[in-house]
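Here the structure is laid out as C-alpha cells; the discussion comes afterwards.
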Amino acid sequence: AVALPRSHYGEGNGSIFLDDLSCTGHEKNWWECTSYTANHNCRHIEDASVRCQPKVCDHGAVRLADGTNELEGRLEVCIDGAWGTVCHDFWTGIDAQVVCRQLGYLGT
C-alpha cells in the first residue's frame, strides 16, 4: 500500500470521523489502530488517500477457472500467493465434493 499526498483524489465533504490515525502495521483493521475521534482539527484538504496493491490469494484457497459459470471449471489452488492447476491423477468424486464444499456450493 502507498500513502498518497493529502486529498490526492479530491476533498471529501461532510463529517470527518478520525484524526491522527496511527497504525503499527500489524493490525488487520483500521479500528485496531490508535486515533482521535473527538476534538480533531482537520479540514477536507487533509483527507487521507491510499493506493492498495491487488489482493494476492490466501494460501489454500481454491477457485474454478474457464468454466461456463461459477459452478464449474478447471480447479486451481493458491500456494505461496500464486494460483496453479491441480493434476487429475487420483481425482475422484469425493475430492470434487470437498472442493465444492470449500467453495460454499453443494456437492454432487
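In case you wondered, yes, glycine gets a Cβ from its N, Cα and C as well.
Automatic prediction, not curation, is the source of TrEMBL annotations.
Not measured: the values here are computed from a predicted model.
Record features (TrEMBL):
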- Cys23-Cys33: disulfide bond (DISULFID)
- 1-53: domain 'SRCR' (DOMAIN)
- 62-108: domain 'SRCR' (DOMAIN)
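Across the domain 'SRCR' (62-108), DSSP assigns 10 helix, 14 strand, 23 coil. Helix, strand and coil counts under DSSP for the domain 'SRCR' (1-53) come to 6 helix, 13 strand, 34 coil.
Summarised as a single figure, the pLDDT of the domain 'SRCR' (62-108) averages 93.
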